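To keep things clear, I will list the structure first and then write my remarks on it.
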Amino acid sequence: MAKEVWRFIDSGYCPPAFNMALDEALLDWHSEGKIPPTVRFYGWNPPTLSIGYFQKVEKEIDLEAVKRHGLGFVRRPTGGRGVLHDKELTYSVIVSESHPAMPKTVTEAYRVISQGILEGFRYLGLDAYFAVPKTEEEKADLRSPRSAVCFDAPSWYELVVEGRKIAGSAQTRQKGVILQHGSILLDLDEELLFSLFKYPNERVKERLQRDFKKKAVAINELTSRTVTIEEAKEAFYKGFEKGLNIVLEPYTLTAEERAYVEELARAKYESDEWNFKR
């Protein structure tokens, strides 16, 4: 049987508002039947702190530190916690909830989509596997995360190598369409990451940072040689094809599509109302 063809977009390094606007536009276009299911790869220029849809900026984020380090800042349309997007490959997958390969529940759909990432890690020679919380304590951690930092704990079907989280993802469902996007870390600047959040006191910050080192890891901490972004793209391109049993067909946005995304970025994702509303 012929494999299903999905669209593939590598949008390169883009401003934070554009990145979120393009993910939203792809969701909209797919819901309207204008485009097939899509896998997208992207990066961030400048490096950016993104926060989850429900996070409270004033309570959790040190905006002065974000400015001081010259970082971008944007609120995602998906849940989850704060992510520093810097030395990473960011991906998004846009597919209809009614797609025959998509299970009905969020966690099971998450597992199916993330199979593409799992295979990508294997192409890089890393033995990744899915973290499934077993104990009641681990399940409780998912319901009430200890910190505003995303990689603080593996969630359902998060990808783990040698017991440490290596890719963080979030999902939203709108208009009958699943949007899952996430970060595949090549390198991680923990000092910078932890300087961007507010803490009750320095002791709490130090403890969280110490715990974090035991729970999160980047690709280049695990490999004997440095994996480049181009190598990562190739591995995860093949990974998504294998994991989702699809063929990816590269696509470039038209001038009209790009203009639509830029307008959405300006009107919504660059606005204070969106980014600071909670």
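Glycine too: its Cβ is placed from the backbone N, Cα and C atoms.
Annotated domain 'BPL/LPL catalytic' per Swiss-Prot: 33-248, in sequence order, evidence recorded as sequence analysis. Per Swiss-Prot, the feature active site, acyl-thioester intermediate maps to C150. For K165, the entry in Swiss-Prot reads site 'Lowers pKa of active site Cys'.
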Confidence summary (mean pLDDT) of the domain 'BPL/LPL catalytic' (33-248): 89
If you count Cβ atoms within 10 Å of the Cβ of K165 (site 'Lowers pKa of active site Cys'), leaving out that atom itself, what do you get? 21
